[in-house]
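If you check TrEMBL, you get these features:
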| type | residues | note |
| --- | --- | --- |
| TRANSMEM | 46-66 | transmembrane segment |
| TRANSMEM | 81-101 | transmembrane segment |
| TRANSMEM | 113-135 | transmembrane segment |
| TRANSMEM | 165-184 | transmembrane segment |
| TRANSMEM | 190-210 | transmembrane segment |
| TRANSMEM | 230-250 | transmembrane segment |
| TRANSMEM | 262-285 | transmembrane segment |
| TRANSMEM | 319-336 | transmembrane segment |
Amino acid sequence: MMSSNTVVVVNNERYDGGKQLKSEGSDQNANDLKILWFDISYLSSFHQFLVCCLAVFIFYLLYGYLQELLFTLDSLKPCGWYLTLIQFGYYSVFGTIEMKLRRMKGRKIPLKIYFILAFLTLGTMGFSNSSLQYLNYPTQVIFKCCKLIPVMVGGILIQKKVYGTLDFLAAFCMCLGLTLFTLADSQISPVFSTIGVIMISCALLCDAAIGNVQEKSMKQYKASNAEVVLYSYSIGFVYLFVILLFSGNLTSSIGMCSEYPAYTYGLCLLFALTGYLGIQVVLILVRTSGALAAATVTTCRKAVSIVISFLFFAKPFTFQYLWSGLLVVLGIYLNICSKNQTLRQNLTNAPKRIVEFFTNFCTKKQSARTLLSV
């Protein structure tokens, strides 16, 4: 998606060529690698990669399962935005705890930027969660896989970035696959609604804008990940609380969720905790293995999430899901190739190598026939 010398923000941390850039807001030792307070610094690079992969799959597969479970239950469907409010509250608490544990003080990014980030974060999380009332979970995941499309638009408009041919080819494959997947879902899914498509599209637009605004602001102010999480979600919590309060949905949602408080709030705690820890593990994976490896692992995780969704939640299936999903995967692969010079060169030289292979094969075959005829 971007050139190899571009600084990239992954989950609010800044990386250049897969290496984390030091920031004034973080005093964490560059060699200190911990997952849930377990030190993995002594492990080899390969074993660190395996541990991070395992953690990513555990946390995010649980996150996806809990998300579909919470937001598709008939009793909780009307409370989608309230459940998002709870998630924002938990994330704010986790961000505060992380700030205290890392002994981070002060705020580097101006509040006016956080007001914008909080609004975009609210749009991303709220529309994404609530869209599950109107879409199958696999369809939502496929839409999320196509984040490159709005990111490219946002990059061109906000940061005046220039993209290559592979990026546009990847976006085309994603658009085509997404269209076919959505058409298949509209034909066989009993819960499909155009409202869901609009909501998840709004979530993607907000998500694309978040990435570009975060990258621009963190380059300028050098803020830490914990600070951005804390202020984005805490201000977003206030936004959503006021909206629900004045819309009249707050009291009704509290009443519905209070019927099963331990179940509702307990699942929300696990949902938020797995998501927050998953973010931290992805950050470690990028530090140890690079942004390319992290993107590949998270893409594989999304594919497994779709399989698990079909296994644990009853829903119709058609092979058009498979073909259109493969088109999206092709788009993701092309996007990854565009970020990696070696893969890009291999992909560019592939047609030439194929022609050379068949030319050599035909030449050897002709030589063999000549020898036999003699």
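Every residue gets a Cβ built from N, Cα and C, even glycine.
Here the listed stretches are 46-66, 113-135, 190-210, and the one with the most C-beta pairs under 8 angstroms to the transmembrane segment (262-285) is 46-66. Same-chain neighbours of the transmembrane segment (81-101): 70-71, 122, 125-126, 129-130, 226-227, 229-231, 233-234, 236-237, 240-241, 243-244, 249-250, 253-254, 257, 264-265, 268-269, 271-273, 275-276, counting only residues six or more beyond its ends whose CB sits under 8 Å from a CB of the stretch.
Taking residue pairs at least 6 apart in sequence, the transmembrane segment (113-135) and the transmembrane segment (230-250) share three or more C-beta contacts under 8 angstroms. The transmembrane segment (319-336) is not in contact with the transmembrane segment (113-135), judged by fewer than 3 CB-CB distances under 8 Å for residue pairs 6 or more apart in sequence.
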